[in-house]
Amino acid sequence: MEWNPGFPLSIDAKCHRDLPRDIQFDSEKGVDFVLNYSKAMENLFINRFMHMFQSSWSDFADFEKIFVKISNTISERVMNHWQEDLMFGYQFLNGCNPVLIRRCTELPEKLPVTTEMVDCSLERQLSLEQEVQQGNIFIVDFELLDGIDANKTDPCTLQFLAAPICLLYKNLANKIVPIAIQLSQIPGDENPIFLPSDAKYDWLLAKIWVRSSDFHVHQTITHLLRTHLVSEVFGIAMYRQLPAVHPIFKLLVAHVRFTIAINTKAREQLICEYGLFDKANATGGGGHVQMVQRAMQDLTYTSLCFPEAIKARGMDSTEDIPYYFYRDDGLLVWEAIKKFTAEVVGIYYESDQVVMEDQELQDFVKDVYVYGMRGRKASGFPKSIKSREKLSEYLTVVIFTASAQHAAVNFGQLFLGMYPEEHFIEKPVKEAMARFRKDLEAIVSVIAERNKNKKLPYYYLSPDRIPNSVAI
């Protein structure tokens with residue numbers, strides 16, 4: 001069914017109990033969902049603070065009330081340093097939404113920032129244009145939020161959305177820091193460019209608006225659309241087109257486990273009318289729906305291919321941008337998954353011809369394109385697969401999106417490479433799975449070693465913290 005116009009098609013079910021029995025949460029998992037949700041609300045005192053989400057805050061100490069129940073290395077360091085420019089820049093690289101920052105190759109006309117304005121932030125005695133040419137300027141543009149309706153569900157609470165453009169600079173220590181912020185898309189006297197040289201709280205509030213916009217894009221697009229809804233598309237196509245004895249079904253089933261169920265719960269409780277989004281988010285009340293409708297235009301197959309997505313944003317050079325751990329760890333996991341899928345494909349498909357002749361596989365791929373991506377040619381999703389190499393890449397996209405990408409933007413639990421329900425019985429595949437687990441263990445060691453002496457470790461893409469699917 002179409003939950004809202006322009007969305008990827010989702011399961012035709014209004015609530016969890018409408019689902020086919022074999023894709024519902026099993027009783028234990030269902031209870032977990034309800035208990036964990038209630039427990040999270042209780043632990044974070046969310047219910048007690050709900051009024052704070054629907055009224056203006058007057059004191060930065062209010063943030064500390066929210067954080068009081070979240071205690072770990074990262075949250076404590078962020079709590080102590082969130083006002084600093086270094087932390088602000090770092091979060092675009094390794095925070096929960098590390099997918100928006102891109103290298104700026106040309107200053108946009110809609111952001112009329114000059115060398116004179118940012119001169120005190122530049123450390124190389126170069127003009128702003130020269131810094132751009134040398135690859136030291138980065139940009140995050142929240143154009144997607146321009147014109148999105150702010151939440152009006154509570155007539156007593158005025159809510160607002162910005163569509164900022166944030167310019168960032170790689171300093172001599174190779175750290176990324178913000179140097180200019182414009183809070184809406186059209187320049188003018190009513191839309192000034194805020195700078196680090198401005199009054200302390202002017203600059204801080206500008207950064208808070210950017211972080212707020214980042215939150216909305218993260219929750220609705222990076223997390224909901226680009227992991228949960230996309231994984232549901234793959235899951236529905238798999239159940240519709242591949243029999244349970246098919247090797248590709250056996251390979252993918254662990255990675256779509258409970259995905260349809262958790263998304264149905266989300267449509268039932270979180271993103272529905274009067275759900276949690278409406279109560280707590282400035283994009284609630286329909287704005288989040290408009291955002292997904294717009295973002296569908298940028299949802300392409302290539303953008304789900306991790307190495308290509310990193311490259312497209314000009315963020316692929318480890319020498320130029322050394323502290324982008326999301327990229328470094330993500331590439332290691334992507335390559336491990338791709339090596340594993342290539343092995344499995346090689347076991348079952350002895351030639352490209354066999355791939356082309358597998359009608360059930362071709363129907364699966366076509367189902368994703370026609371129904372999930374609504375037959376949009378611009379999506380770049382293949383209608384068919386003609387080679388073993390392309391099949392391996394396609395399977396890597398499915399597995400990486402459901403496991404690693406979701407973990408990176410949702411914070412990991414475990415475990416990629418662990419298949420509690422054994423579907424494969426063939427010895428070569430079992431051996432391939434063992435090699436896959438060994439590769440993942442090596443990545444865990446690399447990441448652990450890198451994190452050892454870090455004040456702010458990055459472990460969201462460590463395989464021992466990556467769940468197999470978006471729902472586990």
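Each residue, glycine too, has its Cβ placed from N, Cα and C.
Residues annotated as domain 'Lipoxygenase' in TrEMBL: 1-419 (among others).
The Cβ of H406 (Fe cation binding site) has 28 neighbouring Cβ atoms from other residues within 10 Å, across all protein chains displayed. Positions annotated as Fe cation binding site by TrEMBL: H223, H228, H406, I472.
Marked as domain 'Lipoxygenase' by TrEMBL: 420-472 (among others).
Residue counts of the domain 'Lipoxygenase' (420-472) by helix, strand and coil are 28 helix, 0 strand, 25 coil (DSSP-based).
Here the domain 'Lipoxygenase' (1-419) returns a mean pLDDT of 89 for the predicted model.
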